[in-house]
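Notes follow once the structure below has been shown.
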């Protein structure tokens, strides 16, 4: 430092001896005056802006004045030096000794338009404009260095006024964290992501992020707000120029994040339905305290399976099921699902004494956090897409609807069924003509107690009436629970002994000698035609109140005589014998395949996912229970999950999660991403239809992948 000070002193002494000190300052003043005029009249270039910013940064102005319009980013190594005064210049020798770091994609689109990124050899400060940055911020110099200290609450900057509606991965940036892509060393060719905290500390993985949030007692940032995936970009959310948002929030504030609706195809609106994000009736106060088999009292975020009883419960059931992979830890990993758990995930419940904010075993109970948009596609009807990049294992939404119970199920003989089928087929064509001219209003609203209290209308021909679930119907006995999808425009009943579905598990195993029946998760191939039928079904249509015309996703618990500790009872199954329905979508032309997806996305589909390696044949499905059939009806009430489309190479997993009860008959059906999903990509899941099961009623698939099964239903 003394040598550097001596060099500076020698420099000015030489100028003084030559009588050029005044000349040097006059030149500096001329430069400042020129920059001032260019900035005022708008003729300044990006280089002029950067030069002026650096000069102001080195001047004697206060930091609040220099940071009033934005933040500063330095592309030098964040670990060099201690806290440096903003007035101290940086010499060339210091810059040469610093290793470069490549800025994260989160900052790429934040610079002014046309701004060029400086070379790593120079230290340049660039203003970063944060989108929707209408907050009152504290001073946040991003060239801060790390002082060895014990992190606490004082390490965090002021909490933003509001974080609702933001990209969840952008929230750390809003809170003055830096997300950087950097090389581990000069010889490395791969980039890695790290975060730099407001106090200068580097976070290199999720474990370090978790411990930092614990140490600082942060209650507004969580582990799922961070992503170390180099493919994830934080600002790739630019909408199309011709996009017109018809509804800013179809949930009407029910969800913590707005879910807009956009139609770029025509002027049709969403069907009228009641938006609900729960399956339980709102007018009843249900007591779930006696429906939990265990609870925890963790104080360190429920991350240690040796201490957390809820994690142990998930692992115990997964280990007892032969469909689970050996050697892998069951459950979430820092609030992200890395693989499917056939036996279900047991989240921490209301009896647990752990911190609800820092608990890593509470995910879906926090609700939708990613930004979604309902839109209309050219061939597949209504669909859902993400507005931001989503990392693998991220929770998207649940499948919600109205919980009903089918009472006194009766079998209909084949002769009567044939006559009923003929009658319904005839009615379907007249109904088609009526539905073609009817357009429902896009009037999604929240549940009302009066609507919940009204029983559904039942047709006189309905052999299996359904009644709504209430607190008197719910018990812990073994039941056969079903999730019902929204109706299609035309529903045809038929009798079929064949079951179908796809297995959401790692492998298949037959019944063992002890009578153990493995858990099986099968998704109804008839359960996902909401996007094609909802646009023409007004809420007040009396024909639509026939509950047996809804698509069904069957979630059942098998009845084994084996010990409870070795049971793997939970399953999601479709039984065509019980549903007795075939969907026929009128008003649709013969479907044509869309162009194949990009090679990178196709490669992900060509490689079999662990959950799709083995399919259990229909003959080995479990015998459905004939008692107390529970239905989850989304035809009139539901959430954004009712609009999710099918794909033979889906980007969503279907996972059963137990939150409000440990009763195996009442899981929540949750959707998680099974890979990285780029912004504005449609979110899909596999309906699991077996091609050839019902050849007369099959519909062509529209997913467009090379390994497409070609048939949707």
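Backbone N, Cα and C define each Cβ position, glycine as well.
Annotation note: residue 348 (Zn(2+) 2 binding site) sits in a coil segment as assigned by DSSP. Neighbour density for residue 348 (Zn(2+) 2 binding site): within 10 A of its CB lie 25 other CB atoms from the protein chains shown. Marked as Zn(2+) 2 binding site by Swiss-Prot: 296, 310, 348, 352.
Under 8 Å, Cβ to Cβ, and six or more positions away along its own chain, residue 308 (Zn(2+) 1 binding site) finds 296, 298, 302, 348, 354, 361. Under the three-state DSSP scheme, residue 308 (Zn(2+) 1 binding site) falls in the coil class. As annotated by Swiss-Prot, Zn(2+) 1 binding site applies to 296, 298, 302, 308, with the evidence given as similarity to another entry.
Here the Cβ of residue 642 (S-adenosyl-L-methionine binding site) has 25 other Cβ atoms within 10 Å, regardless of which shown protein chain they belong to. Marked as S-adenosyl-L-methionine binding site by Swiss-Prot: 380, 381, 382, 642, 645, 646.
The compositional bias 'Polar residues' annotation in Swiss-Prot covers 87-109.
According to Swiss-Prot, the feature compositional bias 'Basic and acidic residues' maps to 511-534 (among others).
The feature compositional bias 'Basic and acidic residues' is assigned by Swiss-Prot to 579-592 (among others).
Taken from Swiss-Prot, the feature domain 'MBD' covers 161-233. On the 0 to 100 pLDDT scale, the domain 'MBD' (161-233) averages 90 in the predicted structure.
Residues or ranges marked as region 'Disordered' in Swiss-Prot: 78-109 (among others).
Per Swiss-Prot, region 'Disordered' is recorded for 511-549 (among others).
Taken from Swiss-Prot, the feature region 'Disordered' covers 579-608 (among others).
For the pair formed by residue 645 (S-adenosyl-L-methionine binding site) and residue 352 (Zn(2+) 2 binding site), distance between Cα atoms is given as 36 Å, rounded to the nearest Å.
Taken residue by residue with DSSP, residue 642 (S-adenosyl-L-methionine binding site) is part of a helix. Counting residues of the domain 'MBD' (161-233) by DSSP class, helix then strand then coil, yields 21 helix, 12 strand, 40 coil. Neighbour counts of Cβ atoms within 10 Å were compared for the binding-site residues 296, 310, 352, and the top value is held by 310.
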